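The following features are taken from TrEMBL:
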type: DOMAIN; residues: 232-353; note: domain 'SSD'
type: DOMAIN; residues: 623-732; note: domain 'SSD'
type: TRANSMEM; residues: 20-39; note: transmembrane segment
type: TRANSMEM; residues: 204-223; note: transmembrane segment
type: TRANSMEM; residues: 229-246; note: transmembrane segment
type: TRANSMEM; residues: 253-273; note: transmembrane segment
type: TRANSMEM; residues: 293-316; note: transmembrane segment
type: TRANSMEM; residues: 328-351; note: transmembrane segment
type: TRANSMEM; residues: 585-601; note: transmembrane segment
type: TRANSMEM; residues: 608-627; note: transmembrane segment
type: TRANSMEM; residues: 633-654; note: transmembrane segment
type: TRANSMEM; residues: 675-695; note: transmembrane segment
type: TRANSMEM; residues: 707-733; note: transmembrane segment
C-alpha cells in the first residue's frame, strides 16, 4: 500500500493540472470563509468567563459597567446657562434613540434641585453642582469639563453596540455647541470600537509588511534557485487558508491572534524553502518526475515531523488561563499546518507544470570552470565549523549550558507587566481622550467590591457598607474615596446616613434611576467602588491583596458577603496567571515534543533535538534580563513558541544526519555533511523567519512590537542552537552509543 506522500507524488506527476485545479478551488472557498472573520475585544478575551472570577467580572461589567458612552464637554463656559440649554437638547434627542436606556448629566441635578428650570447664572449652576456632585458622577470634574453618560442596553451584539454608538455620534454632529465648547464622544464603547478599527488596519499592515520583508529576504537570500519568490506566494496561500478556517469556525481576531500571522508567515516560508531547496537539489540529479517523488516522499515526511513538533509547542499554549493566548496557539497551529500543506502540494505541482529547470552556476570571468557562489562557500564554512564542533563537543556544551543555567535562574527576576497602557497604542485618539478624562476627574482607577445581602437597602447593611469604606480609607492612604448607594444616600441626607426604611425609600425616589442602577442590582446586590491614586499595577495588586485580607476578618452584617472584582482585579490576577502558567507551558511543550519524537523514532535518542532547545530557552531569559524586557500576556508564550520554532531546525538536522549515517558515513562525516547540505537552507529559513517576525516590531501596538523584538532574538538563537549546538549533541550521543555498544560487545565475549 502506498504511503500518503507517495500517493500525492504520483498524483502530481500524472495529473498536475487536476491537482492545481483542486488547490485553486480550495483557496477560493477559503477566501469566501475569510470574509466572515470579525474583530474580538473585551473581557472574554482576557479571562475565562465560565470561571468563578471571570463570571463575576463579566457580571460586574454587564450590570454596573455597561458599554456606556461618555460625552465630554470641555471649555471655560461649561456651566453657563446656554451650555446647559445645549446639553439639555442633546440629552433629550439621545434619550429618544433606539437602544439607549438612560442619559445622565448635569441637567439631572437641575431637574432634582431646581425644579427642572435652568438657573440664569453660572454662579447658581456651580452652587448646585458643588453641593450635589456625588449624585451624578461626572457632573463636576477637576477641570473645565462636565460629562454626560449614555447607558445603552446591556448584552448588545458588537454590530448593535457599534450602531448605537454611531447613532449618538450622529446626534452630536447634528447639534452645534456654544462658542468655546467642544464635545468628544468617548467611554468604553468608543474605545472598543476604535480598538477594533485599529486592530483591523494593523492586521492588514502587519501581513503586508511581513510579505514585503519576505520578498526582500527572498531577493537577497534565495537567488541561487529559479523562481525565488515562489515561497512568498505559497505563504500567502497559507494565510488565506488560515483566515478561511477562522471564518468557518467563528474564531475572532484579537490582539494576540493578530500577532499569529507574522509568526505563521515566518515559519511557513521555511517549509516552502525546504521543499523548493530539496526539489532544486534533486532536479540537478535526474528528471522532474524523480525529483518530485523524492522531494514529496523524503522531505514531505521529514518536514511533517518538524511541523508537528512545532505545532505541539503551540498546542502547549492551550493550557494558558487566558482565552486570547489559547486562540493564539490554535491559530498558530492552523497557520503552520496550512502553510505546510500549501508548500507540500504547490512546490512540486508548480515545478511539474512549468517544467522546472535549476539555475546554472555562473562561469568564471576567465571562461573556464564555474564560479563558487557565496552560498557554496557558506556551505563549506558550515561544514568545517560543524566538523570542529563534532571534535570538541563537551567543551561547546559546557559553555552554552552554563549560559542556559544562568538564564533559568534569572527567569523569575524578569518583571511581569500586564497594564493596559502597555498593550494599546498610546496615540490612539480613544486612548488619548480616555487619558484626558482621567486627568480631569482625577484618578479613574477603581477597585469595585460587589456586596450581596438579603436586602441591600436594610439600614444595617447600609451601615456596614459605609463603615467598611471609612475603615479602608483610614487604613490605606492610596484610597482617595469610595462611592456606593450608602455614600450617595448620606450625601443627600446632609452628611448623615439615614437610619429607617421610610427615610431611605423617600431619598431613593429623588435619585435618578441611572445612578441607582449604577450602584445596585435589585434588592440583594450592590457595589462599592474604591477610588485610588494612580498606582502602577504591581502596587495596585499589593493594595488589592491587603484589602482582600481586610475583608476576610472584617465583621460583616449577617447574610452579607463581599467580593472584589473589576478590571484591576483582572489585570492584577493576570500577573499570577503568567507566573504560574509560563513554566507549565514550557514543560508541557517539551513533554509533548519528546513523546511525539519517542513515538516516531522509538528510541531514547529521540531526546536529542530537545537538548539544544533547553539551552535556547535559557538564553532567552538571559537576553530579556540584560535588555530590561518584560513579560506580558504575549511574551509569556515565548518559551513554548521557542520550543516549537527551534524544534523544526533541530529535527531537520537530525533527520538529515540519520539519512547520512544510513548511507554509511561515520558520525563525524555525517554531522559535517548534514550541516553542509541543509545548513544553508536552515540559515535562509531562519533569516526569512526573522524578517517575518520583524514586521511585529513595526506594530503600533506596544505589546506586539515588544513581542516582535524578543521573537526575532529567539529565532536567531534557534538558528545558532541548531547549527552550533546540535552537532555537539549528536557527537556526544554517538559517543555514548558507541560506549554502550562496546560494553555490550565485551560482555558477549
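We count from 1, first residue shown onward.
Glycine is treated like the rest: Cβ placed from N, Cα and C.
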The domain 'SSD' (232-353), counted residue by residue under DSSP: helix, strand, coil: 110 helix, 1 strand, 11 coil
Same-chain residues near the transmembrane segment (585-601), Cβ under 8 Å, at least 6 residues beyond its ends: 305, 308-309, 312-313, 315-317, 319-320, 607, 609-610, 613-614, 617, 636-637, 639-640, 643-644, 647, 651
Dominant neighbour of the transmembrane segment (253-273) in 204-223, 229-246, 633-654, 675-695, by Cβ pairs under 8 Å: 675-695
Top Cβ-contact partner of the transmembrane segment (675-695) among 204-223, 229-246, 293-316, 633-654 (pairs under 8 Å): 204-223
Within the domain 'SSD' (623-732), residues counted as helix, strand or coil by DSSP: 96 helix, 1 strand, 13 coil
Chain residues outside the transmembrane segment (633-654) and at least six past its termini with a C-beta under 8 angstroms from it: 46, 255-256, 259, 263, 267, 270, 274, 302-303, 305-307, 309-314, 316-317, 320, 322, 324-325, 328-329, 332, 416, 418, 423, 574, 578, 581-583, 585-586, 588-590, 593, 597, 608-610, 612-613, 616-617, 620, 624, 674-675, 678, 682, 685-686, 689, 703-704, 706-707, 710-711, 714-715, 717-719, 721-723, 726-727, 730
